[in-house]
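First comes the structure, then the notes that go with it.
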Amino acid sequence: MYFDACFARLFSFSGLAVSVALLITTTTASAVDLIDVRDFESLSQLAAERSQREYEPAPELPEPLASWQYDDYMKAKYRPERATWFDQGLPFWLETFHRGFVQTDLVELFTLNPSPSGDPISQRIAFNTNDFVYDAPLNAEEIPPAGHAGFRIVGPFPNRPDAQEMLSFIGSSYFRGRSGDTIYGASARGLAINIAMMQEEEFPDFRAFWIQMPAADSDQIAILAFMDSPSLTGAYRFRLVPGNAVTRVKVQADVYYRDRPEKIALAPLTSMWMWGDGLKGPPKDNRPSVHDSDGLLIQTGPNEWRWRAFARQSYPSVTSTEVESLHGFGLIQRNRAFYHYDDHNARYDKRPSVWIKPDSPWPNGRIELLELPGAHEGIDNLAAYWLPPEEESAPDESANETDPSVESAANPGSAVAAIDTVSEPNGATEPPHPSLQFAYEVSFFAGDPPEHNVLGRATNLSVTRPKNADEPIEMEIRFAGPVLRGLPAEHPPSIQSNAIAGEICEEELERTDEGDWILHLGVTLAENNSGERPVELSLQLISEDQPVSETFGYLLPPAEPEFVYPAVYTRQE
């Protein structure tokens with residue numbers, strides 16, 4: 001389903017609109033146009049120059065595309081044989097997305113083709129109605145030259161004969177990938193601005209892409225993207241390396257502020273969790289779990305892992321995890337058993353985990369998790385992202401302030417530097433230095449990251465609420481892993497636990513025949529919590545003063561959250 005990313009625009013909270021100070025347009029010594037982009041350096045120059053101009057919104061979607069409904073959009077079908085590079089014996093080719101319905105964004109597409117001189121030649125991919133089949137009542141002659149909504153990379157995974165979709169860019173700065181062993185699920189974004197605040201979120205858009213023509217024997221493909229928004233511009237480079245077990249996308253970015261945002265989030269991820277472990281679904285839907293991801297995983301050291309299982313509240317919730325050294329984080333689809341979902345159509349058991357790994361650890365920031373109630377499984381209701389140190393994220397007029405969480409031109413190895421322009425004697429203005437520079441890898445694979453293979457992992461969770469409010473809430477958390485399997489029943493690990501707004505009144509560990517350990521908990525509310533606040537739980541298994549499990553975190557609602565489900569779940573109008 002290609003609409004999840006666009007529906008995820010609903011992440012923004014209602015509130016006051018952001019006031020953006022627009023900069024006066026300046027004349028640069030050598031302006032770069034879209035057709036002039038050849039590599040990342042020229043793209044970064046373009047972004048720098050555009051940051052000195054006033055932001056120009058994209059043109060609105062014309063009719064009849066603006067009036068299309070879902071069924072109309074699905075009747076405009078791309079012809080695979082019309083794909084760019086389809087018949088040239090190359091490992092990858094490009095298919096475009098039609099505009100219409102919720103796909104309102106306009107993007108310009110270019111290919112970068114080799115030339116005898118060695119410099120790539122930029123060639124525009126023009127919109128053409130001949131690229132699509134329009135089923136009745138759509139009429140190709142009534143379709144305006146509206147341009148592209150996005151594109152996807154198609155080709156065979158290694159040693160597999162059939163061509164598959166590998167990576168797609170559609171909607172704002174969203175992109176979605178998969179490995180050969182998985183299907184599409186959670187999405188990544190280029191950047192998030194003012195997310196999870198009491199004001200409207202600003203969504204930066206990828207406005208243009210340049211896709212480098214691969215060699216016939218290449219196992220990867222490079223993509224350049226220009227980002228634009230009222231607050232900033234950006235130059236992005238993506239390098240896709242598809243694989244059957246793991247698909248990797250290397251990301252490099254130069255970001256230039258027009259007006260420094262109040263809050264900027266790096267490497268944001270979005271996903272969906274409707275119900276599953278700890279929360280029952282609607283009475284007339286028999287699927288035990290419905291989600292693209294079942295937890296947030298954070299790596300803070302070589303053998304330091306934190307896991308937060310999702311718990312959908314009936315209201316928006318934001319949790320924050322302070323991190324001194326971020327080695328990686330991601331939205332993980334840990335449970336791979338079909339019976340856990342029992343859905344032959346959605347195949348949630350095949351959805352990928354999405355993992356962010358900085359090129360070098362990002363220090364002294366925090367991971368924020370936004371969980372929204374969500375209306376149905378077609379709408380993303382989760383977001384996780386990295387925030388640089390708070391004091392560096394707020395607007396500041398100092399000239400050379402830096403933030404050590406990402407690289408900057410002013411301070412290599414750190415990340416945020418204020419825009420500094422240099423005036424030339426003739427009155428021209430040199431392009432500014434990047435406000436932000438960062439690089440990371442985003443991976444798509446099944447289950448947990450391969451390096452998280454020693455410590456015990458929380459694989460199952462159950463919550464049983466008592467009929468009598470005076471009795472404790474009962475929880476069971478199952479931990480599995482090589483270290484735990486080596487512990488005999490007569491020497492169980494100890495439990496290091498903490499509760500906020502509640503108390504853990506019972507703790508008991510039980511070893512299974514498989515060598516897993518089931519932790520039985522009893523949780524009561526704190527005296528100052530009458531049931532209006534969830535209980536924040538954190539615990540870890542310890543043996544001989546060493547951790548033998550990841551740190552488990554959970555936001556426990558005192559009562560079963562109530563949701564108004566649509567008719568597709570309740571079977572009622």
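Just so you know, glycine gets a Cβ as well, placed from its N, Cα and C.
In TrEMBL, the region 'Disordered' annotation falls on 391-410 of the listed ranges 111-130, 391-410.
Mean pLDDT for the domain 'Glucan biosynthesis periplasmic MdoG C-terminal' (39-393) in the predicted structure: 96. Here the domain 'Glucan biosynthesis periplasmic MdoG C-terminal' (434-554) is broken down by DSSP into helix, strand and coil counts: 4 helix, 69 strand, 48 coil.
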